[in-house]
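The annotation domain 'K+ potassium transporter integral membrane' is assigned in TrEMBL to 25-504. Here TrEMBL flags 520-766 as domain 'K+ potassium transporter C-terminal'. Positions annotated as transmembrane segment by TrEMBL: 21-45, 57-75, 146-172, 208-227, 258-278, 285-305, 384-403, 410-431, 437-459, 466-485.
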Amino acid sequence: MDISPSPGTFSNDKRMSWKRILLFSFQSLGVIYGQISTAPLYVFGTICEQDIKSEEAVYELFSFIFWTMTIISLLKYSYIVLMADDDGEGGTFALYSLLCRHAKVGLLPIDRSSIEAMNYEAGSPFEVKVESRARRAIAKHKSSQYLVLFLALFGSCMTIGVGVLTPALSVFSASSGVQRSLSDMTHKIFSSQSTQQSVSRALERCKYPSICTSSLCMCYIVGIYNIFYWNKRIILAISPVYMYRFVQNIGVKSWRSLGSIILCLAGLEAMFADLGHFSKKSIKIAFVCLIYPVLIACYAGQASYMSKNLHAINFNHLSESVPAGAIRHSFVALSLLASVVGSQATITASFSVINQCLSLNCFPRVKVIHTSDKIRGQVYIPDVNWLLMILSLTVTIVFRNIVKIGNAAGLAVISGMLVTTCLMSLVIALYWEKSLLLSACFLIFFGFIEITYLSACMLNFHRGAWYLVFLLALSLTVMLAWHYGTKKKYEFDLENKVTTEWLTELSLGLGVCRVPGIGFIYTDIVTGIPSFFSHFIANLPAFHQVLIFVSFKSLPVPYVPPSRRYLIGRVGPKDYKIYRCIVRHGYRDHIKDTDDFEEEIIRSIGEFIAIEDNDLESLNSQEGRMIVIGKPLSDGNALVPLNDTNSYKGSANFENNYSQTSTSGSSLESSCAPVNRKKVRFMLPPNSPKMQVSVRKELQELIDARESGTAYVLGQSHLALRQGSNFLKRFLIKTYIFCDKNCRETPVALNIPHAALVEVGMVYTI
């Protein structure tokens, strides 16, 4: 049956040479396959020794490893899941993004905020496909939409859980061959910001891929050696007959051991989640040609050694199967380095997932540092890094048992895979537009296998798996509470907003004063006047000469190109000089923390003024036309930054225009003083005969307002519960209030200087 995606699906392989694809395949060894390549260190080590009583039991367990890796990793991920990319991006949120755009399952306020923000461009990914019975059913039943959102958040929580458990598990298993402190090793993995950034750069280049390649080569050599030295009959164990015998003699103890077998797939989700850093072909080549055969040989050699050493001490650890002497010492040292690589890969994946949750307003505000200017999506989050370290140290110190940590990690791995299976079945039916029967076959086939392993992991609930449930409850509660509180605040803003006419009529009735300067009003709504600003005007009837209502809208796409990012329109008549700017960004974009963000908005409004009357690419809204800004103007920029005026030196027009942009008592020298310095100052372009007089006048007024100063107005919300609210609502709102008070403040997240900040308090009764 054909389950390939419809024609037109994005592919970043066609434009790459084979040399670049092979280079990406090599680099992916450190970034993507760091964890799965270290799985042999702890897969057999997490099985209780008393559960392996005979040589036949070893054959049965190896048969499960072989077929699990073949069906799940090779068939499901390499040949099916990798095709479900979202414009080159992968992961749980990529699947959710595809469903939001093509099946109308979006529940977040950002998904349905306004037609202006959602209308990306004709023929874009936002163009919903023809309605089908499945799409109508999902759109009709809101419970199904809640379920899809819950699955996306649940999968994200599992990624975070793996990021907590993997460092403890990897170091515990790797360091069993040497005597050293586990806490010290774990602390080194969760290093400082500077070290984390150097680690990210090393992951991009060749240092960590070289470590993984060396480790894989050593595992392959040791595996082949053990097969021929100890027991060549292990090759026959790939027969499914051994799995059938295992099921025939099933018991509670033997069934529990499957919870450790699933750890052979630990880190496999990174193959799909980190798709945006490489290409599908490079990831597939690395796995099919290197990772898969090497790991199979390694597991076979380890099982071969175990089958002949059933009563040896620590027989189930990989290092024990390595010949004694210098080779074993070298292998232990290399495995320690490889465990650090694998742990860093899972920690980085946690950062990436949390960054996506931030873009969709499903996680409290935290500081995000982009560690690479060349590769988008590589981030470091200091607060989350400390939290992961504390949780990982806790599980290491409390359990001090590789079996218990492995049980929790196994539950995290299989739960994340089950979420991917559920979302993929929806993508097959709703995005690829295949038959519901094919989608159901995919769900039943892979879902049955994963549920089988899930049941085995649940049998180990009292043996350490409960810790993952604790992590899930903690992270999922924070995510759901933040989403719920954000949604309720947004609904309150929509219900209490006032019309544009209210602002214009109030100006005439109360004699509102206009003060020099530009006022940035940050709001979540994209039409009307936010309630906190109307509250501000009613008590203090004055606002700035130029007002700009700024709204950030995250779209269900990975990235929004700069040419499509800003949507500009007017609020009220031209004489009022009130503008609205909708900043659209994807779930992997980085815009709020940039230093030149304010200048970009000023420049975009200048372009809007210049092309307002003759622009054909505009959108209709309740307040008028909204124009997409970002493409270069045919006759040059509407506003010229002073640091780009070298080509105009010596021009009489430049001298005249500069004198107009300077306010009284200011000069170039004074503007460079540390206190009064502005980042960028603008001027009108000289020699522009095509520009109308009215346009030039309005641009000059914008420049003068910019020179007079800038103020930022934000609503400071205080949530209050209604009388009679149920327990669940009270719990979610109180959790949101706690997170809001202890997370990063909005002005800091937007890089707003406190000296120019005006916060207006509002009580939101939820």
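Backbone N, Cα and C define each Cβ position, glycine as well.
Only pairs six or more apart in sequence are counted, and the transmembrane segment (410-431) with the transmembrane segment (437-459) gives three or more Cβ pairs under 8 Å, enough to call it a contact. Mean pLDDT for the domain 'K+ potassium transporter C-terminal' (520-766) in the predicted structure: 74. Contact counts against the transmembrane segment (437-459), taken as Cβ pairs under 8 Å, peak for 57-75 among the stretches 21-45, 57-75, 208-227, 285-305, 466-485.
The stretch in closest packing with the transmembrane segment (208-227), judged by the count of Cβ pairs under 8 Å and taken from 21-45, 285-305, 466-485, is 285-305. Tertiary neighbourhood of the transmembrane segment (258-278): same-chain residues 24-25, 27-28, 31-37, 39-40, 42-44, 46-47, 61, 64-65, 68-69, 72-73, 77-78, 81-82, 85, 88-92, 94, 159, 162, 166, 287, 295, 299, 342, 345-346, 349, 352-353, 375-378, 403, 406-407, 409-411, 413-414, 416-417, 420, 452-453, 456-457, 459-460, 465, 558, 588, selected by CB-CB distance under 8 Å and a gap of 6+ residues from either end.
Residues 21-22, 25-26, 28-29, 32-33, 36-37, 39-40, 43-44, 58-59, 61-62, 65-66, 69, 73-74, 78, 216-217, 219-220, 222-227, 229-232, 234-235, 237, 264, 271, 315, 318, 320-321 of the same chain lie 6 or more positions beyond the ends of the transmembrane segment (285-305) yet place their CB under 8 Å from a CB of it. Under 8 Å from some Cβ of the transmembrane segment (57-75) lie the Cβ atoms of residues 43-44, 47, 51, 234, 236-240, 242-243, 245-246, 254, 257-258, 261-262, 264-265, 268, 271, 287-288, 292, 295-296, 299-300, 303, 306-307, 310, 417, 446, 449-450, 453, all in the same chain and six or more residues away from its ends.
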